[in-house]
Amino acid sequence: MALDDIHTPVLLERCLELLAPALQGEGAVLVDATLGMAGHSEAFLDALPGLRLVGLDRDPDALAIAGERLARFGDRVHLVHTVYDGIGRALDGLGIGEVQGVFFDLGVSSLQLDRVERGFSYSQDAPLDMRMDGTAGLTAAQVVAEYDELELRRIFYDYGEEKLAPRYASRIVQAREVEPITTSARLVEIIQQATPAAVQRAGHPAKRVFQALRIEVNQELSVLARAMPAAIDRLAVGGRVVVESYQSLEDRIVKRELRVRSTSTAPVGLPVELPEHRPELKLLVRGAELADQHEIAQNPRAASVRLRAAERARRRHA
């Protein structure tokens, strides 16, 4: 199967349009903090011959595929196995200080969803794993087995925004006392049995629970909350950050960080805005951009995307 059949980059042309003005110089550095199968990055490297890429990913399988895909670019590309809140350490390890661009394409990748054995999908039976890095960390099966009822309720509420969180947490605890819950099919069965018929008609009842477990297993929101400021701190003046998120919890973190950094810190009533009070960032899009119907028809994954972008206007202490 061709890579493009597995993963079509979301809003590719718009992302390139937003990043390109900051990446024109020879030797400009772009960090793709969520490299995946490198669909976006391959296009960026083709379009910008002087560009150097630092690609980060926690998934060794994705890094291997990306490495093959980008091999033709030679020493213009450096790949690092790390979670994206490790951006500072990754750049330090390469001897790179400031960068001209940072790109995030958040959420679970097509590769992870399509490989049944990874356990991300509620529509196919597989071991309950859900780790983006299959070499480290708790699995979803361990979370389901070891968290108490209140902890399960919390993650279903907080990370899945699931109204039936108490019911699902209770049923899971009851079921695991009979036998371990180790597969996605068994977890789906428990959730379906606990779901009122009227709710089942509104969509798959396991969707939010699986999202919550995935976020907990991979600590996605806490990682993002650390990664956003770390990435912005490495941007050179004139550098740009572009972020694609796919659910409201991620987008809320991105929106908050960009809003804070793009707001003047001048005290209310100060007659003159001093240079140190000027915003660090200038927003490049109004609110969050969504995909149009043409893009969604070509690439259904784009249906839930929210794109935000900003440019570094000044250094934090200048």
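Heads up, the Cβ atoms here are built off N, Cα and C, so glycines get one too.
Sequence annotations record features per position, and here Swiss-Prot assigns S-adenosyl-L-methionine binding site to Ala38, Gly39, His40, Asp57, Leu91, Asp105, Gln112. In sequence order, Pro9, Val10, Asp32, Thr34, Gly36, His40, Glu244 constitute the residues six or more apart from Asp105 (S-adenosyl-L-methionine binding site) in its chain with CB-CB distances below 8 Å. In the three-state DSSP scheme, Asp105 (S-adenosyl-L-methionine binding site) falls into the strand class.
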Please state whether DSSP places Ala38 (S-adenosyl-L-methionine binding site) in a helix, a strand or coil. coil
Cβ neighbour count within 10 Å, max among the binding-site residues Ala38, Leu91, goes to Ala38
Restricting to the chain of Asp57 (S-adenosyl-L-methionine binding site) and a gap of 6 or more, list residues whose Cβ falls under 8 Å of its Cβ, or answer none. Thr34, Leu35, Gly36, Leu63, Ala66, Leu79, His81, Thr82
